[in-house]
Amino acid sequence: MPPASMSLRVTILCLLAWAGLAAGDRVYIHPFHLVIHNESTCEELAKANAGKPEDPTFTPALIQAKSLPVDEKALQDQLVLVAAKLNAEDKLRAATVGMLANFLSFHIYSMHSELWGMVQGATILSPMAVFGTLASLYLGASNHTAYRLQAILGVPWKDENCTSRLDAHKVLSALQAVQGLLVAQDRAEGQTQLLLSTVVGLFTAPGLHLKQPFVQGLALYAPAVLPRSLDFSTDLDVAAEKIDRFMQAVTGWKVSSPLTGASADSNLVFNTYVHFQGKMKGFSLLAEPQEFWVDNSTSVSVPMLSGMGTFQHWSDAQDKFSVTQVPFTESACLLLIQPHYASDLDKVEGLTFQQNSLNWMNKLSPRAIHLTMPRLVLRGSYDLQDLLAQAELPTILGTELNLQKMSNNNLRVGKVLNSIFFELEADEKEPTESTQQPKGPEVLELNLNHPFLFAVYDQDATALYFLGRVANPLTTV
């Protein structure tokens with residue numbers, strides 16, 4: 001590893017260690033200087049706001065209007081270009097934002113998993129989408145709403161001083177950098193093991209005006225921002241169907257935007273859509289579906305992937321679970337966490353998906369493994385209003401939002417959603433060194449044919465991209 005990269009890794013690990021000690025069970029950690037306004041930017045803001053004219057606005061096109069399709073390849077190329085231009089400070093800022101997203105999402109996940117534990121399906125959470133959505137709302141927020149959003153993002157607003165305020169543009173740019181660092185890996189060799197696309201949908205009532213600087217700022221995080229208008233007042237189910245048809249038409253993704261529970265007088269739905277596709281090197285799709293045991297007496301037939309290689313692995317005899325690290329690239333990996341007994345899934349989830357859970361990665365060691373696991377195609381949506389309430393964080397996404405930087409209209413937020421389309425598939429090219437058939441030691445047969453947990457993690461960026469629970473691969477909740 002080059003010296004500069006090693007220095008960055010050491011700095012990040014020191015920040016993580018310090019933050020873990022300082023944070024304890026609290027959500028909030030120290031506001032790192034890389035993500036807040038400095039004195040020079042505060043002076044520029046003061047000058048810009050002095051005698052500043054009203055921000056230009058526009059009315060989103062009707063959702064029925066013809067739209068150009070989203071070019072996912074172009075989105076990936078743009079992320080790769082972003083990653084190539086990052087300097088050392090940019091990478092450290094990206095790591096800092098990734099760490100903040102990890103802390104927030106572990107807290108949300110640990111509280112919300114109590115609800116998920118009662119559901120026999122598959123659930124998935126995107127730390128980057130959660131953090132990115134809240135940061136996007138912060139970009140459009142003013143006064144008490146901005147204050148409370150900043151606190152939830154992990155950077156308390158100490159006083160009225162500008163230099164303690166989160167810089168939304170820095171945060172959103174850092175989130176795009178985190179995405180770019182993931183998809184840029186292995187591109188030099190012409191390989192594309194990972195695809196990650198983020199699209200923001202801004203759905204408004206007819207006649208509502210959005211401010212152009214806000215929408216332009218969102219492009220720092222998600223290059224594809226789709227503002228559209230439609231009627232929410234007559235039938236929310238019909239409105240949800242229109243949104244879903246529109247998104248499938250422009251992206252090709254079959255995802256849902258559930259509006260159940262939203263008020264009929266809502267005039268804004270904010271949805272962050274994420275598509276992830278990971279190709280597992282040296283794995284192949286088995287010819288026939290295999291049994292997956294949902295519980296001791298119930299099984300379902302699911303497509304399975306199979307691969308053999310030398311993977312990082314650890315089995316905890318005391319708490320009775322195992323962890324296997326399957327590489328996507330040199331830095332990015334899939335972490336598979338399986339209880340020794342299916343009935344212990346909730347217990348193992350509580351042990352592993354928490355703020356200091358990545359400490360057990362130091363215990364992993366090479367092991368020859370023949371791994372069989374479900375081919376995952378997961379689609380799920382969740383409402384951040386529900387997640388924040390479950391996590392006992394301030395309920396700030398309701399009717400009292402101050403979003404003056406987003407619109408001059410009185411915004412009534414119906415839903416703040418994240419919709420995830422997650423795919424794991426086989427990459428049946430020639431096996432790489434880590435996935436070639438092992439020689440020598442006895443091969444461990446590892447079959448994930450009962451409930452398990454997973455995470456997508458980048459070791460260099462110390463960023464978690466997805467946290468998931470699979471109790472039944474055929475059902476997403």
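We count from 1, first residue shown onward.
Glycine is treated like the rest: Cβ placed from N, Cα and C.
Record source Swiss-Prot places C42 in a disulfide bond whose other cysteine, from C162, C333, is C162.
Neighbour density for N38 (N-linked glycosylation site): within 10 A of its CB lie 14 other CB atoms from the protein chains shown.
When the recorded positions C42, N143, N296 are screened for a Cα within 10 A of the Cα of N161 (N-linked glycosylation site), the ones that qualify are C42. When the glycosylation sites N38, N143, N296 are screened for a Cα within 10 A of the Cα of C162 (disulfide bond), the ones that qualify are N38. Residues within less than 8 Å, Cβ to Cβ, of N143 (N-linked glycosylation site) and separated from it by at least 6 positions along the same chain comprise N402. Spacing of N38 (N-linked glycosylation site) relative to N296 (N-linked glycosylation site) is 58 Å (Cα to Cα, whole number).
For N296 (N-linked glycosylation site), the same-chain residues 6+ apart in sequence whose C-beta sits under 8 angstroms from its C-beta are A342, S343.
Its Cβ taken as reference, C42 (disulfide bond) is surrounded by 16 other Cβ atoms within 10 Å in the chains shown.
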